[in-house]
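Listed in Swiss-Prot:
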type    : residues                                                 : note
BINDING : Cys69, Cys72, Cys79, His82                               : Zn(2+) 1 binding site
BINDING : Cys109, Cys112, Cys156, Cys159                           : Zn(2+) 2 binding site
BINDING : Lys144, Lys167, Arg1159                                  : DNA nontemplate strand binding site
BINDING : Ser326, Lys348, Arg353, Arg360, Arg366, Arg1305, Lys1323 : DNA template strand binding site
MOD_RES : Lys445                                                   : N6-acetyllysine
BINDING : Arg464, Asp503                                           : RNA binding site
BINDING : Asp499, Asp501, Asp503                                   : Mg(2+) 1 binding site
BINDING : Asp499, Asp501                                           : Mg(2+) 2 binding site
REGION  : 844-856                                                  : region 'Bridging helix'
Amino acid sequence: MVKEQFRETDVAKKISHICFGMKSAEEMRQQAHIQVVSKNLYSQDNNHSPLLYGVLDHRMGTSEKDRPCETCGKNLADCLGHYGYIDLELPCFHVGYFRAVIGILQMICKTCCHIMLSQEEKKQFLDYLKRPGLTYLQKRGLKKKISDKCRKKNTCHHCGAFNGTVKKCGLLKIIHEKYKTNKKVVDPIVSSFLQSFETAIEHNKEVEPLLGKAQENLNPLVVLNLFKRIPAEDIPLLLMNPEAGKPSDLILTRLLVPPLCIRPSVVSDLKSGTNEDDLTMKLTEIIFLNDVIKKHRISGAKTQMIMEDWDFLQLQCALYINSELSGIPLNMAPKKWTRGFVQRLKGKQGRFRGNLSGKRVDFSGRTVISPDPNLRIDEVAVPVHVAKILTFPEKVNKANINFLRKLVRNGPEVHPGANFIQQRHTQMKRFLKYGNREKMAQELKFGDIVERHLIDGDVVLFNRQPSLHKLSIMAHLARVKPHRTFRFNECVCTPYNADFDGDEMNLHLPQTEEAKAEALVLMGTKANLVTPRNGEPLIAAIQDFLTGAYLLTLKDTFFDRAKACQIIASILVGKDEKIKVRLPPPTILKPVTLWTGKQIFSVILRPSDDNPVRANLRTKGKQYCGRGEDLCVNDSYVTIQNSELMSGSMDKGTLGSGSKNNIFYILLRDWGQNEAADAMSRLARLAPVYLSNRGFSIGIGDVTPGQGLLKAKYELLNAGYKKCDEYIEALNTGKLQQQPGCTAEETLEALILKELSVIRDHAGSACLRELDKSNSPLTMALCGSKGSFINISQMIACVGQQAISGSRVPDGFENRSLPHFEKHSKLPAAKGFVANSFYSGLTPTEFFFHTMAGREGLVDTAVKTAETGYMQRRLVKSLEDLCSQYDLTVRSSTGDIIQFIYGGDGLDPAAMEGKDEPLEFKRVLDNIKAVFPCRSEPALSKNELLLSAESIMKKNEFLCCQDSFLQEIKKFIKEVSEKIKKTRDKYGINDNGTTEPRVLYQLDRITPTQIEKFLETCRDKYMRAQMEPGSAVGALCAQSIGEPGTQMTLKTFHFAGVASMNITLGVPRIKEIINASKAISTPIITAQLDKDDDADYARLVKGRIEKTLLGEISEYIEEVFLPDDCFILVKLSLERIRLLRLEVNAETVRYSICMSKLRVKPGDVAVHGEAVVCVTPRENSKSSMYYVLQFLKEDLPKVVVQGIPEVSRAVIHIDEQSGKEKYKLLVEGDNLRAVMATHGVKGTRTTSNNTYEVEKTLGIEAARTTIINEIQYTMVNHGMSIDRRHVMLLSDLMTYKGEVLGITRFGLAKMKESVLMLASFEKTADHLFDAAYFGQKDSVCGVSECIIMGIPMNIGTGLFKLLHKANRDPSPPRRPLIFDTNEFHIPLVT
């Protein structure tokens, strides 16, 4: 079946809200067109037609193209379908409402059907229910409250009857424990029931214990009668909406039969028969069972038979709705799995996620991608084959009629052509493959629509899955080219995360002019050069472009005139074709004129004199030697002055993505997106041309080690092995000094791992010294285009230590890693050290270890992809409808305020030039000074500068800037003025003195024009950095946190410097934080000390915090048996207590023993001297003295004598800042409150990484800060930087309700009201049935709901309701009236 767009009428209507509810039996009958009674599908005559009153009756719609519906007469595409109904012989439970039915039964009296509350309580709850703004969440909470209150009562307030507990028993059965009585309360009904068994008990004693277990079976018939008798005034207390359904509607007495179009019969040609839908078959089974029960009732069969049939009918009705029921008895289990209604809705392929939230679309194409550096970065090459199929509906008007006529004449086979014409007044489309195209072209009129082929310059959307962030789908301009692949400039690989090893990408063609405009402005490649994650450029030069630019800008690259002109000519194409390039003056004049590569690179930035771009940049390169700035020996300090490269060779830092010192980023920020994109396109053409002419390749010769290198490598290996042997020897002789918190074995492992890891690094640096600078792998590593020094060192010198989960290869079987080695061997080779290089080849054991490490990486990647994908989906679902409003707040779709001002300052993370800051003042000032030298103006002194800046900033233009931003500017200007004063004082220039101007010009000088321009630029950039109202800040936040997650690892890392203090990082840690887990895997409390420079004091406090058990400080704990007494003797080790700095003595131990859960009274514990404690057990009736003594002996060592029981251990951490050692405690455990209250700990500076613990101790704001800090800490540890505004938004969303809500299905249900949104996330059926029970109304305002309903969402361009069109005539023109003409003006005769 083709999915058609559903339009009932031609009048535009908008869905304002959706009400959920339950249909009563009467409403079902009114909705249905026929009653279905026949269990047979087809009549037995020859033509095999559907049976009347059967499940396939054609009055319920049609599922065949050639048969019209018998009710409305429409065909398959237009008929919506009509319902039928089946009357059930006996009522059944509705599986979706089963929990609700039990809930109601627990709330009402099973005798009089009133709700089990007193009149006062009823009144109190009813008053609360009358509140107008009662939300869905409050309703659900209230129902739980009322239910809890009712379940505590067992006597009805209305009739005084006794009510037992109601619970589920078996499959779809409910029992009422009516006769399970408490001795105190004896209900007359219960007592008469018990009395009726008295004679039976006398004859058979076994009956008595079973009496209390007697239960009343509440079958659907009983329940239905109870529900019908519930008084109308009590129904609101069940939280049901009387308009949406009554309690009796929860029980099925009638089933609706859905229309045929949703359960079509498929006629198979192979065998003469049809394939019926699961629903159809299930309905026939239900009708069959109905008939069986009817026959049995009429013929008077045994009750047990009817009950069994009833159970089976009940099961079939349940499977019809939800076929994944658990707990079906084996004799009733269905033979084959079928799809019920719930299965059609739930899951990724269900209606909600598969057909409503996301669909397959027309006007799209997909094929393999290839690189093409000759395209501009905003272009994509589309194959002719695709261009002929994708069409755009263009309206005929005066300007394009001739062009469109030409296309119509070309027809569908020739490109550019057209496929269809739709004439203005008819709805019919005419296919241009057939018919007289010349005639059709001549008949084209204004207003007709021509579906023309895709042509050059069309806006298309280009996308690669997985779409992890908004830059995974961008708008490009199409260029129709031959061949069969999509091609685009390699600069755009990074945002798509694409490579050309067989990746495929999708292309969509927008179908309206508005869509094209919106795509170009909001999704255009040029508009998305930077990532919203932190404002770093993503679209930038990669791989070959970097290598080419690096080699081009080396110090020793020279060209003669012909070569220089030839290379520069490669940029003269497309829109740059006509520009006049000014060849700069040659650098070397004699003996031959030569130009440098740096000059040619400058042409890329500013090709002609009439180009206004004057970019300025000063930054360190990748190999900067650390001093001398532009006099760096490696020529790696890049200086660009007014678009001329003065020094430095370009590398990944200055051309590639991920750095804000990138030249394209400077162009984008100072000169706009078009200039940056043009420069990138010029580089993408010039670099490959230069590189292919020069030649650049890699071969085995590049990775062959020389003799010197091999010798150095063996020396390194021997030294390293020798050191390892010394460590192993020290362990064996017991001389190895243990690291704090580690066993001797762990210490040895850590030392050897450290020693062996260094070998590879040293071998790598030996490689670099040895290799020629023209070596290809070295060049690539130096300019950052591919690979690193470690890769080179692994290829040439030594592969190094293989680590598995951060440690050496573990022993597998029989205490060795492989059978090639001795048992318990600790040698480097036996534990995964690979001494060979890839060039020399690996031995079998080395190869095995290397594959172990590689496999770990692969498994990690596979697991991580699924984990992060689900995490991203949860984040997007919870954050999607957050949007910045016109009053600068961030609100959800229901109007809840999440933040009063986005990120605290309302600035856009994508527009940040510094780290989380809108501007980098120094760079702006340097740029202003270069562009406006103002040589003739006098320089300002310190005071003049401050006064001048102050007066400019008092102007009205600066009122729109935040105070904090103005303070930042003032602070910067003050620093600059101080620097100027210092320089002037140094050279003895006073403020009013005169000096030779040329000397003054060389010094730091700022003129009035410069300071004015500087402040103007700052203000301008600040205003541009404002977050625009309507931005989907929530979705951006979700993507900015989810997308780096895919690049993280799943591992647990060690704390730097502290052995074995494990801390979870990576994806599991992010998952813990956003799930708001109460028990996290590694809770760590960081405690600052009152005296942080005293190691002894730190040990003392550590003793107070760390849990110390009696067994750890006792020399022995023994039983003592005397003739008349027995007790346990505990001897304390005073030496150990003294060494550990514990504040423990015999008295405190006695107190601890009494306070523990050992049930020992203070009189039973005696203290003898300083170190002896006697514990005398008490005999009890249950066990003998001997056993009590044994229990005591076993449990006494576990008594906590000092410290916090939840803290397993504490480690002293040493910070070496500014030469001073600072001590703090890292506490493993969860009791933050107790740690903060410990004497010696600075409570105000103590933090925990457990959000729940912080919220419990310090409140919600502290929890919010913890979430921010923990996410940022985890990201920084993995080398990711995320703008703090994103993390702030996430933490605000998690905490804005006053409790920490996780981004899980439970947290989401507490944040969001919308049923559709929750149903489209998880637990689809549960949410829909709940909504029907409560009679919930969904106001369709969030993003998910709007997409499901096909309504524009109120985010972005959908935020405002009225678009003000400017420059219109203020007053409408006066139209001539009918009586204005002169003939009506009869002169009056006086």
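Cβ coordinates are placed from backbone N, Cα and C, and glycine is handled just like the others.
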Structural state of Arg360 (DNA template strand binding site), classified by DSSP into three states: coil
Confidence summary for the region 'Bridging helix' (844-856), mean pLDDT rounded: 89
In three-state DSSP terms, the structure that Arg353 (DNA template strand binding site) belongs to: helix
Folded-back contacts onto the region 'Bridging helix' (844-856), same chain, C-beta under 8 angstroms, at least six residues removed: 799, 802-805, 809, 817-818, 820-821, 829, 832, 834-836
Beyond the site residues Asp499, Asp501, Asp503: chain residues whose C-beta lies within 8 Å of the centroid, for Mg(2+) 1: Ile369, Ala498, Phe500, Gly502
Number of Cβ atoms other than its own within 10 Å, given for Arg353 (DNA template strand binding site): 18
Residues that sit under 8 angstroms from Cys72 (Zn(2+) 1 binding site) by C-beta distance, when 6+ apart in the chain: Cys79, His82
Sparsest Cβ surroundings (other CB atoms within 10 Å) among the binding-site residues His82, Lys167, Arg360, Arg464: Arg360
Pairwise Cα distance maximum in Å, DNA nontemplate strand-binding residues per record: Lys144, Lys167, Arg1159: 39
Span of Ser326, Lys348, Arg353, Arg360, Arg366, Arg1305, Lys1323 around DNA template strand - largest C-alpha separation, Å: 42
Whole-number Å value for how far Lys348 (DNA template strand binding site) lies from Cys156 (Zn(2+) 2 binding site) (Cα to Cα): 47
Distance from Arg366 (DNA template strand binding site) back to Arg464 (RNA binding site), taken between C-alpha atoms, in Å: 10
Additional residues around Zn(2+) 1, ordered along the sequence, whose Cβ is within 8 Å of the centroid of Cys69, Cys72, Cys79, His82: Arg59, Met60, Gly61, Thr62, Pro68, Glu70, Thr71, Gly73, Lys74, Leu80, Gly81, Pro259
Of the binding-site residues listed as Lys167, Asp499, Asp501, the one whose CA lies nearest the CA of Lys1323 (DNA template strand binding site): Lys167
Cβ-based neighbourhood (8 Å from the centroid) of the Zn(2+) 2 site, residues Cys109, Cys112, Cys156, Cys159 excluded: Lys110, Thr111, Cys113, His114, Met116, His157, His158, Gly160, Ala161, Asn163
Lowest local Cβ density among Lys144, Arg1305, which the record lists as binding-site residues, within 10 Å: Lys144
Among Cys69, Lys144, Arg353, Arg366, Asp501, which are recorded as binding-site residues, the nearest neighbour of the residue listed as 'N6-acetyllysine' by Cα: Arg366
Secondary structure content of the region 'Bridging helix' (844-856), with strand meaning DSSP E or B: 13 helix, 0 strand, 0 coil
Cα-Cα distance linking Lys167 (DNA nontemplate strand binding site) and Arg366 (DNA template strand binding site), given in Å to the nearest integer: 56
Number of other Cβ atoms within 10 Å of the Cβ of Asp499 (Mg(2+) 1 binding site) across all protein chains: 11
Neighbouring C-beta atoms (10 Å sphere around the C-beta of Lys348 (DNA template strand binding site)): 8
Secondary structure at Lys167 (DNA nontemplate strand binding site), reduced by DSSP to three states: strand
